[in-house]
């Protein structure tokens with residue numbers, strides 16, 4: 001369907017454009033635009049109360065990653081790629097979320113998870129605690145805990161679950177159930193003695209004790225068992241052994257909590273059809289390109305299993321599905337691996353849509369933050385997204401279409417960049433070049449896309465603070481504090497004035513009353529001016 005020709009003149013590589021003859025006809029583009037316009041005009045608002053919430057979180061899946069993954073998906077299907085439509089591309093409502101944390105311009109996954117799951121922005125490295133908490137300081141988390149939409153849904157009688165390609169104690173899933181002054185307190189072995197003395201508990205302990213989560217699928221089994229416990233899959237690997245110093249076996253404790261219910265712990269896909277909790281690795285799951293299909297389920301399979309379990313509840317469900325290794329591949333500078341993770345994530349979204357009904361299921365897709373991935377170089381149409389730019393740099397060396405602003409790929413050999421003319425940049429192990437040398441990429445701070453379909457999906461548009469997402473989902477499903485949607489109300493709730501006592505015993509009016517006072521002052525001023 002298209003022709004590509006290449007010629008080399010000196011040190012300049014010229015690649016003639018791929019020819020799509022129908023695209024040379026103006027009517028092709030006009031017809032396409034008319035269909036898109038009509039679809040938008042025919043769209044009706046879905047104002048139902050959401051019975052279910054499917055929340056897909058692509059960790060580190062910024063806009064550049066979305067675009068590059070779209071192209072890769074098409075090229076994996078032997079298409080040029082640019083015109084490919086991802087499943088998430090079909091969502092009719094799109095907005096942007098501002099990702100900064102209270103203390104940093106560029107946030108991490110813990111602060112962002114607290115925002116979009118709990119509805120409150122916080123500080124870097126803190127999860128499930130507001131910004132009064134301090135990183136690693138246990139005593140500052142007491143009294144500053146915030147609950148998530150998963151908890152709100154559970155309290156409303158819905159079934160709830162988490163699916164992730166990372167460890168289930170990682171920042172994103174932890175945001176749905178844990179309250180921790182440090183995102184890295186995976187087990188008690190990771191906590192300082194001072195934190196234990198002050199009464200804080202590790203994230204694994206909170207996983208089975210804070211909220212009764214119906215489905216738990218991911219990795220992280222070594223944080224659940226006592227020190228020295230041999231891993232069932234890697235019994236000779238010391239680093240896969242259990243880590244807990246308190247001697248507790250949280251997997252057995254979880255099973256005991258489920259007495260009288262159907263609950264089986266599995267660690268291998270051969271246990272299919274698996275139950276929950278299902279912890280398939282000691283730490284994070286394997287990358288999509290490296291997993292063993294006979295033992296390691298894909299994110300598509302785990303998403304399907306979770307939905308089939310949760311949808312048995314007639315009251316509905318909340319499910320968080322995280323494509324967590326998109327971010328980890330980016331941190332390693334491995335763009336190919338990150339994009340393959342994103343493609344698998346998009347296929348999991350397709351599976352979620354296949355198993356649910358749009359009229360009753362709100363589906364939201366977003367990223368928590370971005371990564372410093374750049375898409376550059378004027379590559380010709382149909383050029384491999386993992387390939388090289390046809391135009392060389394001023395140092396007379398080629399460079400890849402995808403690069404990083406910083407990362408482990410920064411290398412200077414004898415004062416020059418590496419010559420990659422004979423390097424297979426499409427390899428899953430290739431590390432993209434980077435402008436600044438760091439061991440692992442940092443995140444980047446631009447806004448991220450929020451895509452939605454289903455009941456009240458029109459709430460997810462415009463540019464909003466990231467913490468708005470939890471409130472919008474809660475409103476759509478009538479879970480949490482704002483139940484106006486299922487009560488047939490749309491007006492703001494009444495302002496409540498509460499009186500509190502300060503340390504001196506004097507009464508102090510709360511902030512809501514102060515705001516009301518300011519409002520009344522403005523009304524008085526307007527009246528006088530009139």
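These residue numbers are counts, starting from 1, taken along the chain as shown.
Yeah, the Cβs are placed from backbone N, Cα and C, and that goes for glycine too.
Automatic prediction, not curation, is the source of TrEMBL annotations.
The structure displayed is predicted, hence computed values, not measured ones.
According to TrEMBL, the protein carries these features:
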type     : residues                    : note
ACT_SITE : 109                         : active site, phosphoserine intermediate
BINDING  : 59, 170, 172, 322           : Mg(2+) binding site
BINDING  : 59, 327, 331, 368, 369, 443 : Zn(2+) binding site
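Taking residue 327 (Zn(2+) binding site) as the reference point, the binding-site residues whose C-alpha atoms are within 10 Å of its C-alpha, out of 59, 170, 172, are 59. Nearest by CA distance to residue 443 (Zn(2+) binding site), out of the binding-site residues 59, 172, 322, is 59.
Checking each of the binding-site residues 59, 170, 322 against residue 369 (Zn(2+) binding site) by C-alpha distance, the shortest gap belongs to 59. Excluding 59, 170, 172, 322 themselves, the residues of that chain whose CB lies within 8 A of the CB mean position for the Mg(2+) site are, in sequence, 57, 109, 113, 164, 165, 166, 171, 173, 323, 324, 327, 368.
For residue 368 (Zn(2+) binding site), applying a Cβ distance below 8 Å and a minimum sequence separation of six or more within one chain yields 57, 59, 60, 99, 107, 109, 112, 113, 116, 172, 448.
If you take the C-beta of residue 331 (Zn(2+) binding site) and look for same-chain residues 6 or more apart in sequence within under 8 angstroms, you find 60, 371, 407, 440, 441. Around residue 443 (Zn(2+) binding site), a 10 Å sphere centred on its CB holds 23 further CB atoms from the protein chains shown.
Counting only same-chain residues six or more apart in sequence, the Cβ atoms lying under 8 angstroms from the Cβ of residue 322 (Mg(2+) binding site) belong to 56, 57, 58, 59, 162, 163, 164, 165, 166, 172, 173.
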